[in-house]
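Feature list (source: TrEMBL):
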type     : residues : note
SIGNAL   : 1-26     : signal peptide
TRANSMEM : 304-328  : transmembrane segment
TRANSMEM : 485-505  : transmembrane segment
TRANSMEM : 539-557  : transmembrane segment
TRANSMEM : 667-686  : transmembrane segment
TRANSMEM : 692-714  : transmembrane segment
TRANSMEM : 749-768  : transmembrane segment
TRANSMEM : 774-795  : transmembrane segment
TRANSMEM : 807-827  : transmembrane segment
TRANSMEM : 858-877  : transmembrane segment
Amino acid sequence: MSGAGAAVLAWALLAGALLPPPPVRPQPLPHGDREVHEKEAQFNTTYSDWVHANLLNIYAFNHSVRRNRTEGVRVSVHVLSDQKDQPVLFVVRQKEAVVSFQVPLILRGLYQRKYAYQEVSRTLCQPQTKAEVETQHFYVDVSTLSLNTSYQLRVTRVENFVLRTNERFSFNATAAQPQYFKYEFPEEVDSVIVKVTSAMAFPCSVISIQDILCPVYDLDNNVAFIGMYQTMTKKAAITVQKKDFPSHSFYVVVVVKTEDEACGGALPYYPLSKNASPDEPVDQHNRQKTLEVMVSPAITSEAYVRSVLFCLGIFLSFYILTLLIACWESCRRQHKRKGLLAAMDSPSLDTGHSRSIPDSFLNHGPYDSYGYGSFGNGSSSSTEGITDSLGSAEVSYSYVGQEQFKRRTPSAPTRPLSIPMGERSLENVASRPRLDSLSSVEEDDYDTLADIDYDKNVIRTKQYLCVADLARKDKRVLRKKYQIYFWNIATIAVFYALPVIQLVITYQTVVNVTGNQDICYYNFLCAHPLGNLSAFNNILSNLGYVLLGLLFLLIILQREINYNRALLRNDAHALECGIPKHFGLFYAMGTALMMEGLLSACYHVCPNYTNFQFGECPPGPLYPQQGHPHPSHHCAPLDTSFMYMIAGLCMLKLYQKRHPDINASAYSAYACLALVIFFSVVGVVFGKGNTAFWIVFSVIHIVATLLLSTQLYYMGRWKLDSGILRRILHVLYTDCVRQCSGPMYVDRMVLLVMGNIINWSLAAYGLIVRPNDFASYLLAIGICNLLLYFAFYIIMKLRSGERIKLIPLLCIISTSVVWGFALFFFFQGLSTWQKTPAESREHNRDCILLDFFDDHDIWHFLSSIAMFGSFLVLLTLDDDLDCVQRDKIYVF
């Protein structure tokens with residue numbers, strides 16, 4: 001080696017000798033060589049100590065355990081050193097359980113975010129003892145692989161560890177410091193409701209009910225492993241039954257989540273510095289929540305029986321009331337018939353001062369079809385029928401100045417303008433053969449309206465139409481046409497009900513097995529379980545729809561039977577008078593009401609986002625923050641699918657009353673309703689905040705309104721083809737430019753103008769506001785149009801000189817009042833689809849009726865009665881016309 005090289009080497013050795021030696025990490029010794037410090041420790045004492053890789057600290061505790069008294073023990077630690085890569089391990093060894101945790105405690109959130117906690121507290125699971133008093137020992141081992149790490153350890157007894165019935169207890173909890181308490185069922189209590197409240201919505205927390213087993217799952221990452229649980233902001237409630245816990249006791253576990261996303265809160269900002277690793281945990285500092293818990297007894301089995309009997313009593317009373325009024329009407333009719341016969345035997349009738357009265361009018365009322373119940377025809381007695389037909393000019397059903405038009409049948413006599421409608425002789429009506437009826441145009445010669453196109457064009461262009469003009473089709477064909485409405489909706493109901501029942505049973509099973517009570521949206525403060533059902537009261541309250549729907553079907557069946565009997569005996573009233581009787585739509589309405597109740601009950605087995613179309617509540621919006629669909633139950637009052645159908649059927653029935661021959665077919669009607677339901681689903685899924693969707697829907701809404709208006713105004717006598725624009729321009733030029741002439745059908749035009757104004761306003765509202773609850777918005781469109789048409793019908797009926805009899809008038813008034821109260825309870829809002837399940841529970845409220853039914857159940861009761869009353873209004877509205885000939889009943 002040269003001298004220069006030797007000098008360099010010498011200087012290098014000298015420099016290395018002068019540098020300080022690198023730090024030497026202490027290597028962990030074998031267990032037998034590790035230093036162990038064991039000490040007797042006391043409760044309620046804070047131990048500040050340190051630990052390193054070659055040191056193991058053991059703290060020995062002992063306490064007395066009594067068989068009839070349970071005390072909670074809580075271990076709290078605080079690691080002062082910030083070494084996340086080499087945490088301190090704490091192991092608590094008990095008689096029958098081992099609890100271990102590290103500090104800093106790392107918990108994960110969404111997208112694998114990590115959160116570190118330097119302070120951790122855990123409550124120890126208490127083993128059972130058979131002895132009266134037993135001293136139990138447990139040990140806390142502290143170890144680490146890091147350099148010297150300081151920490152603080154404190155073990156305390158938990159006050160009020162065993163919760164008492166109807167007593168409130170306040171406490172604090174964090175994500176790393178969960179709390180749980182024990183509750184023991186009293187002997188006389190079979191079920192309790194655990195209520196947890198907080199004045200602060202966030203941080204989000206989880207309430208869990210677990211059996212008395214070790215270990216207790218009390219961390220955010222394992223609380224859902226066992227028992228029942230639900231997320232919470234300000235309010236939570238879980239009903240617990242004694243039969244589900246063999247030890248007749250359970251733990252109430254409260255865990256604060258690391259993030260608020262599950263409760264509708266925003267995700268926290270995740271800070272990342274330039275040099276930080278994406279896996280670096282974030283310290284959440286003091287994420288603490290103050291809560292209050294109370295356990296109170298739930299209702300007894302006697303309350304279930306009392307509530308069921310109450311529900312049955314309310315709706316069966318309608319059956320009894322119907323029967324009583326039917327008997328009263330029958331006695332009243334028999335009494336008037338005897339009075340009439342006695343008057344005929346009197347001398348005044350033998351002097352020639354009275355007209356001869358046909359036997360068909362003496363032996364029967366207006367075909368004796370409505371002589372039952374409060375739903376009977378007010379003109380049910382033959383006396384009233386004769387009085388109305390023999391010269392009573394008090395009510396005139398004719399327009400002043402109306403031109404008398406000719407009928408095609410030569411046997412149909414014409415009526416001069418000077419003769420009021422009620423003064424037509426009954427001999428001609430009763431003695432005229434059926435083929436010469438006013439509503440007949442050789443009925444057997446026509447099977448469809450297409451066969452008499454020319455006749456339609458002539459009749460529908462007259463300024464004043466009569467029901468006889470639009471009641472020319474063969475009654476057998478019409479009966480089959482309207483019966484299709486019933487059979488179609490019955491088929492739809494079967495296809496709806498079977499998969500719905502299977503779906504909700506599956507959901508209820510999932511809830512019972514997993515314990516996740518966020519799946520279903522109940523009013524948890526008033527959710528009474530029965531068997532496997534979590535909210536039996538919400539299901540029971542739907543019984544009214546089924547029972548009242550069945551009652552309505554029975555009323556319709558009785559009317560149809562009496563009407564068919566009248567036809568068989570050639571009753572003049574049945575053949576020539578009143579609105580033509582078609583019962584198919586009524587049967588469809590009653591069936592829809594029953595299915596409303598059945599599917600609403602299925603929906604309330606587990607109300608959520610995936611089955612809203614089957615149940616009572618319209619769907620809700622998406623999560624405002626994350627865009628994830630979630631269930632909801634702002635129950636709005638109305639069933640989505642079948643409520644659309646009920647509204648549509650009611651409008652069709654109103655239109656059918658005055659247009660029996662030109663009503664829509666069942667296939668086209670149900671196809672339109674299916675299109676409405678399709679738009680409802682699309683609006684729920686894609687409508688929130690989607691400008692393109694609202695533009696398309698508003699355009700479709702306006703175009704459909706215009707097309708329907710044209711259809712109604714011209715009564716179907718127009719064509720949608722390539723020449724439609726040319727014809728529109730021609731009409732505008734001739735009627736508005738060339739000469740200013742008013743519309744031919746003024747009343748019809750007024751209705752359509754008002755309808756267009758309302759529908760255009762609704763379309764503009766939807767386009768501008770874009771409401772979150774699209775299904776309710778769509779349903780509001782249908783209800784507004786139904787109410788508008790009903791108001792128009794009433795106004796035109798009164799303008800035409802017709803009257804509303806006492807029974808339909810009472811139905812209108814009482815139904816309106818019941819609807820008002822029903823909507824009040826509906827808008828109480830026990831939950832909402834615009835928020836997460838935890839936030840929705842903030843709207844939960846206690847029961848208000850018999851400690852069993854809540855506001856939404858009252859809505860079920862009242863809305864079923866109101867819909868039943870609405871159907872009765874449609875059924876009895878034109879009973880005053882049952883003795884009026886059809887060529888004197890005007891179309892509007």
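Even glycines carry a Cβ here, placed using N, Cα and C.
Simply put, out of 749-768, 807-827, 858-877, 858-877 has the most Cβ pairs sitting under 8 Å from the transmembrane segment (539-557). Stretch with the most C-beta contacts under 8 angstroms to the transmembrane segment (304-328), considering only 485-505, 692-714, 774-795, 858-877: 858-877.
Within its own chain, the transmembrane segment (692-714) is flanked in space by residues 460, 679, 682-683, 686, 720, 745, 748-749, 751-752, 755-756, 759-760, 762-764, 766-767, 770, 781, which lie at least six positions past its ends and keep a Cβ under 8 Å from the stretch. Under 8 Å from some Cβ of the transmembrane segment (749-768) lie the Cβ atoms of residues 694-695, 697-698, 701-702, 705-706, 709, 712-713, 743, 777, 780-781, 784-785, 788-789, 792, all in the same chain and six or more residues away from its ends.
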